[in-house]
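Student: Relevant sequence annotations retrieved from Swiss-Prot are reproduced here:
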- 37-112: domain 'DEP' (DOMAIN)
- 255-316: domain 'G protein gamma' (DOMAIN)
- 333-448: domain 'RGS' (DOMAIN)
- SER229: phosphoserine (MOD_RES)
- SER241: phosphoserine (MOD_RES)
- THR243: phosphothreonine (MOD_RES)
- SER434: phosphoserine (MOD_RES)
- 235-256: region 'Disordered' (REGION)
Amino acid sequence: MAQGNNYGQTSNGVADESPNMLVYRKMEDVIARMQDEKNGIPIRTVKSFLSKIPSVFSGSDIVQWLIKNLTIEDPVEALHLGTLMAAHGYFFPISDHVLTLKDDGTFYRFQTPYFWPSNCWEPENTDYAVYLCKRTMQNKARLELADYEAESLARLQRAFARKWEFIFMQAEAQAKVDKKRDKIERKILDSQERAFWDVHRPVPGCVNTTEVDIKKSSRMRNPHKTRKSVYGLQNDIRSHSPTHTPTPETKPPTEDELQQQIKYWQIQLDRHRLKMSKVADSLLSYTEQYVEYDPFLAPPDPSNPWLSDDTTFWELEASKEPSQQRVKRWGFGMDEALKDPVGREQFLKFLESEFSSENLRFWLAVEDLKKRPIREVPSRVQEIWQEFLAPGAPSAINLDSKSYDKTTQNVKEPGRYTFEDAQEHIYKLMKSDSYPRFIRSSAYQELLQAKKKGKSLTSKRLTSLVQSY
């Protein structure tokens, strides 16, 4: 049915440039065939109790027509295709705001071509406010606002408080024009107008099919849409749509901007990236390595004395001898050895035996500095400087010139992180040299083997006790 004159409309000069236009054209070809007088879907007027429902057809009619005329074998595929067309507003259920197709006796109606999405509609919030306001003026049960529409109306009324008188006048004028129409024509136009807004202001939770794919939009030469008012409102009282924000006209980039962009992409290319397969392998290997240390996944050794009758754990703690698992864990990485008090002690003893303990003592001193009260920090900074970094220091450490210069400047304003650069440099030196020597040393291997022997002797002793009983 043709649309009334109250809807002012300008020509859509950018219609063919819409990224969704190819889809729209294909859908409209199918809709044109559906509306064919001979081979299309039969449109009828259904008699209801004390009323008539004009120009409708059922959902099962659509599904059967699609199967027959588009050579679709699977009814599910036909239902899916019909749902996509309904979601774009080419036909709609007459009594539901959710635009979907059901293969049953639900009544549907075709949308007027004026409201087709191929017209590149981008309706304004003021248009939506006029529509909702007009609905409140018509005392019809079928025109009552849904909960989400009432919330939208209240929100728009707050947003357009200064313009609301003008919006109310527009809605009142539209309502007067609608009353002059024929009853059947008015019923059809009301449903088509409601379906139009169900597409552009969908029910919460429904997909907005008018949103443009950003990838397709970026390939367009002129991605701007023509902003058109559904009700012919003037530009000075419009507001931007919440789903479509106009893109400001951009100027060609300058040479400096291009240089900055090139520099940015070069930095991005130099960034270290890992494939997901490598990340997954790393996570799996970490899990396999630490699984025996998770008491939820593997029984702890020694067992928890609060849950068992074994007192080995307390005996080991009293003797301050680390368990085999604890010693083995030091070999996973230098961090594991440093965060274990016994591991630090054994590592320090090894370095003292090689007369190279100054690096670890410096690292431990800096860690201790970070935990000191703020009043003690300046004096402690000077002590560390005099012991490890000052000219002629008794335990001088080997720093590169860059780290030494930075630390020299930081000492002038002492703080907890004065030696951060120097500590990081020493950490790398220990990780690449001192720590591997410690793990390969006879001291560590003997400690590890001693724990294994102790465990085997304990197991033999337990076995003999069981056999004797």
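Don't overthink the numbers, they just go from 1 along the chain as shown.
In case you wondered, yes, glycine gets a Cβ from its N, Cα and C as well.
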Student: If I take every residue in the domain 'DEP' (37-112) and average their pLDDT values, what number comes out?
Tutor: 90
Student: What residues, ordered by sequence, lie under 8 A Cβ-to-Cβ from SER434 (phosphoserine) and sit at least six positions away in the same chain?
Tutor: PHE347, LEU351, SER356, ASN359, LEU360
Student: Go ahead and report the DSSP secondary structure tallies for the domain 'G protein gamma' (255-316): helix first, then strand, then coil.
Tutor: 39 helix, 0 strand, 23 coil
Student: Please list the DSSP helix, strand and coil residue counts for the domain 'DEP' (37-112).
Tutor: 24 helix, 20 strand, 32 coil
Student: What does DSSP assign SER434 (phosphoserine), in three states?
Tutor: helix
Student: How many of the residues that make up the domain 'RGS' (333-448) does DSSP mark as helix, as strand and as coil?
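Tutor: Secondary-structure composition of the domain 'RGS' (333-448): 87 helix, 0 strand, 29 coil.
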